[in-house]
Amino acid sequence: MEATLRWTLLTAVAPVAWGTNYFVTHEYLPTGHPFYGAAIRALPAGVLLLALRRQLPRGSWWWKSLVLGTLNMGSFFALVYLAAQLLPTSIAATVMAGSPVALMLLAWAVIAERPRGLPLLGGGIGVAGVCLMLLTGTVTLDALGLLASVTAMVTSSFGYVLAKRWSAQADVLASTSWQLIAGGLVVLPPALLYEGAPPHLDGRAILAFAYVTVVATAVAFAAWFTGLRRLPAAAVGLVGLLNPVTGVLLGTVIAHEPLTWRQICGLVLVLLGIVLGQPVAATAAARIRSRSTGADSHRCRKPVVDRVIPKGSCDP
């Protein structure tokens, strides 16, 4: 149980880092360059991890890196940027909150990892908590933005399941570096074609990109894929709900945004959903059931004298 908890805490580094990424991107990075932003974020992070591991892909991992890099990084970064431009942040984050459920269903279909009752319950409670936390008024939905957000959720969930399926064949840091480099290279041609020259970066933007590259990309994805290797997909997906939680808390602490009771209730529901979906919760529930069954069995053990069952025995 301690080992499982340790892997869960390591996995949580990823959504917390991604939650801070929204604030850093909004405040310090240039707008209007989604493809360059994705390339600048992914390529240096991939090169950094590759320098640490010094392993190149072999055999099928060349095309697997391209597939995973496109799904998990290249197209995902661009779609999330498009959704952020066309939808309110609350709507985009709420749509992405459905990723744990998508991850469970895709893991069931692709790798036969059937979701259990507690993770499904946790997913429902967690999504409800995100809705309560973020959906605070009437908004107008853009169809293209909604499509981009849903597509980003589905493609990344599918990519994560494929990464879990193939993860035993390669080192985690090495395979993460290959994905990041492939994803960065995929978005580089559209950046050159549609966005022209790279954006000018001042000192603050360079520092912000350094944070996004090292913490919110290299460290975060390494932790995320490590969690996918060690934990059930359902548990990892639910840990991802810490992403919007981090965004709300960061807005309160740094941007001095008010934290309402509605948001607090949503935060509690999200955290409850995350806990219910973890293997530790399933183990605890199994122990409680076992103790209850054992106690009932113990109470039923009354002596039978002359073939007469005493009163108070456990009748069916």
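Cβ from N, Cα, C; glycine included.
If you look up TrEMBL, you'll see 6-134, 144-276 marked as domain 'EamA'. Look at TrEMBL and you will find 35-53, 65-84, 90-111, 118-137, 143-163, 172-193, 205-226, 233-255, 261-282 tagged as transmembrane segment.
Sequence-distant neighbours of the transmembrane segment (90-111) (same chain, 6+ residues past either end, Cβ-Cβ under 8 Å): 80, 83-84, 119-120, 122-124, 126-127, 130-131, 134-136, 139, 141, 145-146, 149-150, 152-154, 156-158, 160-162, 164-165, 232-234, 236-238, 240-241, 243-244, 247, 277. Look at the domain 'EamA' (144-276): DSSP puts its residues at 112 helix, 0 strand, 21 coil. The domain 'EamA' (144-276) scores a mean pLDDT of 90 in the predicted structure.
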